Structure formats: structure tokens, C-alpha cells
Amino acid sequence: MTDVSGAPADVLHTLFHSDQGGHEQVVLCQDRASGLKAVIALHSTALGPALGGTRFYPYATEAEAVADALNLARGMSYKNAMAGLDHGGGKAVIIGDPDVVKTEELLLAYGRFVASLGGRYVTACDVGTYVADMDVVARACRWTTGRSPENGGAGDSSVLTAFGVYQGMRASAQHLWGDPSLRDRTVGVAGVGKVGHHLVEHLLAEGARVVITDVRQEAVRRIADKHPSVAVVADTERLIEFDGLDVYAPCALGGALNDASVPVLTAKIVCGAANNQLAHPGVEKDLADRGILYAPDYVVNAGGVIQVADELHGFDFDRCRAKAAKIFDTTLAIFARAKTDGIPPAAAADRLAEQRMHEAARTPVG
Ligand SMILES: NC(=O)c1ccc[n+]([C@@H]2O[C@H](COP(=O)([O-])OP(=O)(O)OC[C@H]3O[C@@H](n4cnc5c(N)ncnc54)[C@H](O)[C@@H]3O)[C@@H](O)[C@H]2O)c1
């Protein structure tokens, strides 16, 4: 997947003339009364209605907002395809600082724009938007997920996201060591927030040795107080060089795998929840060259989107958990394809996702 960036003319050129874009529809939304300025980008509806969250962010320029919406929407097509969902990829961005401009009036206006697409786009939470915001958007638009349980939603998605990452990690162990068990393996978790701390619980339950780090001391303390066996290191730099580390799980911010971290990483597997772990194209090859198995981020962290998709049909935790458990098989299939094609797993995941979208687009419906 290649990034879209630059001035409006470049963005339009990418959209209509480059094989890196290929988006179906981009909607620019403005509501002067509430101050809403938003971009809704639909990359593909080949597999079904486009599904992806709403990012609320103070973009420096409108062109930057459009470029971000296009990139994120494209990413969702791949993520939803590999999660086995009957959903295409879309994403929306609302321009502005959510702490300053977010109001009920603005969210309702946004909901009306999403509703105007008649179900071609289903929205959810992302950076800067929360379950409570989706409850408001849902009052204006039925194609809204990520709502609170009181409003028919599934609530916090981090439980199933962590479960999916854990399944991806077991599949990685199976591929590399011939056994999915993480018992007595040493796993380093960078970022023990909502997803990371649930992941730690899975790992401890299986008998893994766990090492953690987080910039927030209260997040570290929450785990260390409950589980004295968990080792704590001061920062991510120390974690990635930890002696005897078998698995590295980035569960904080993007860009964890970069020119500084990959050469010194002691782990043999990388599998974590963070989005956009590869800092730039080429890092996936650097990992492969060092013999490090990388479980593609958007595949193993799909538990959250599996949950919001399920919410559309009336959320059922067990059904959803069963779907998230399939991340194990999907991850193995990616490693197998990578081996057959002689490419890194990140590229194999892209190929498999493209194949599914391509085949669905050719299948007559009805
Ligand atoms: N929540 C979900 O369902 C979900 C789904 C898919 C992907 N993700 C991704 O997973 C990651 C974690 O999500 P979350 O919901 O747990 O977020 P979170 O904010 O609850 O947790 C992130 C944790 O990382 C810590 N952190 C930040 N910078 C750090 C650093 N430099 N070193 C160490 N720790 C650092 C934070 O203090 C925090 O405790 C994010 O990248 C998110 O985009 C989350």
C-alpha cells in the first residue's frame, strides 16, 4: 500500500489516474451552522458497505485531511478483506481539534452526511472519537457502530482486539517453532493500555514470561501490582534489546519498526496491536533479512473491526470471539503465501486482500 500525500491537485491525480488510489467516492462535507468540515472517503465497496472509523483531528491543511482520509480508507479495505468481513473500506475525517470544536450539533450534522450515503458507508470510532460520540451520531444515522451497550452497541473493542493479537502470536509461534504454545516464551509488550493489558492477561494465562513497558506509570503499576512475576523495563529501547526476548508486541503508537529498532531487535517474532507499525516501505524486508517473522499489524489487530461489524447484526460476544479466533488461520495462510511467493508477510497479506476484493468484484450478486 502506498501513501497518498501532497497538494489537492496531486491527491485528485492519485484518485483518478494512479493505481495507488482507485477510490470509488470521496465526499466533502460542510455544515456552516455547526462548523463541521469533514471528508468521507470510500475506497472500495467490492465486498460490501465500506466500514471504517471517524478520525477527529486538527489537520494543518485541508489537503492533508483529504490525503489522510484516502490513505485510511484504503487501509480499511485491506483490513476488512483479511478479517473475512463482508465490508469494503472507508474512513472519515473531521477537521479540527476535538477538544475545542466537538459539539452535539456538529456530530449530528456529521451523522446526517453519513446517512445521506444511504448505507454505502458505515462509521465507527477512531482517534479523537469515542463510544459516547457514536451514540450521538447514531441519532442522525442508522449506519453507525461502536456505540455504547446502553444504546445497542458493543462498547469497548480492546478485549477482542487483544484476543485477536494473541491468536496471531500463537500462529506465528506455530509457523516459526512448529508449536503454537507461548509457554515459557518471553514476550515483550510495549504499551499496556486498553489492548496491551488484556494481551498480558492472555500471555500469563498460557504460562509465558512477560516483560512490559509504558510511558504511563499507572498503566505499568496496574499490571505489576497484580502480577509480580511480570518484568518491567524503563522504555521501549530497553525492551527491544531485552536479552532472550522471543516475541515483541508493539501495542502503543505507530512506526515501532524503523531503521533504529529493527537492527537491534532481539525477538524472532513481531506481533502486536499498534496500527502502522512499519515506519516506511522496505522495513518489512529488513525484518525478513534479519530472519524476524512479522505478523502484519492490520491482520492481527482486526478484532476491533470484527466487533463493530458484528454490532450491525446485534452484537453477540461469542459469535464475535469465534470470528476473531480465525485470525490464527488467516495469519498462518499469510505466512504460507509469503513462503510460496518469496515475499515478506506484509506483502503477502496485501496480495491476499487484493485477491479477495478482486474475486468478489467479479462475483454476480443475487
Ligand atoms: N483499541 C482497539 O480496539 C484497537 C484496535 C485496533 C488497533 N488498535 C491500536 O492498538 C494500539 C493500542 O491501542 P489502545 O486502545 O490500547 O490504546 P491506549 O491509548 O489505551 O494504550 C496505548 C498505551 O501505550 C502507551 N504508550 C504511548 N507511547 C508509548 C511509548 N513511546 N512507549 C511505551 N508506551 C507508550 C500509552 O501510555 C498507553 O498506555 C494503538 O496503536 C491502536 O491504534 C487498537
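Every residue gets a Cβ built from N, Cα and C, even glycine.
Now, the feature entries from TrEMBL:
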- K91: active site, proton donor/acceptor (ACT_SITE)
- G191, V192, G193, K194, V195, G196: NAD(+) binding site (BINDING)
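Considering other CB atoms within 10 Å as the measure, the emptiest surroundings among the binding-site residues G191, G193, G196 are those of G193. Around V192 (NAD(+) binding site), the C-beta neighbours below 8 angstroms that are at least 6 residues distant in the chain are V200, I212, T213, D214, A219, V220, R222, I223, C251.
Taking K91, K194, V195 as the candidate recorded positions, the subset whose CB lies under 6 angstroms from any atom of ligand 1 consists of K194, V195. Same-chain neighbours of the NAD(+) site beyond G191, V192, G193, K194, V195, G196, judged by a C-beta within 8 angstroms of the site's C-beta center, are, in sequence order, S158, V189, H197, H198, L199, D214, A219, C251, A252, A273. When the recorded positions K91, K194 are compared by the number of other C-beta atoms lying within 10 angstroms of their own C-beta, K194 comes out lowest. According to DSSP, V192 (NAD(+) binding site) is assigned to coil rather than to any helix or strand.
Long-range C-beta contacts of V195 (NAD(+) binding site), restricted to its own chain and to partners at least six residues apart, with a cutoff below 8 Å, comprise S158, T161, A162, V165, C251, A273, N301.
The secondary structure of K91 (active site, proton donor/acceptor), as reduced to three states from DSSP, is extended strand. The two recorded residues, the residue listed as 'active site, proton donor/acceptor' and K194 (NAD(+) binding site), show a Cα separation of 22 Å.
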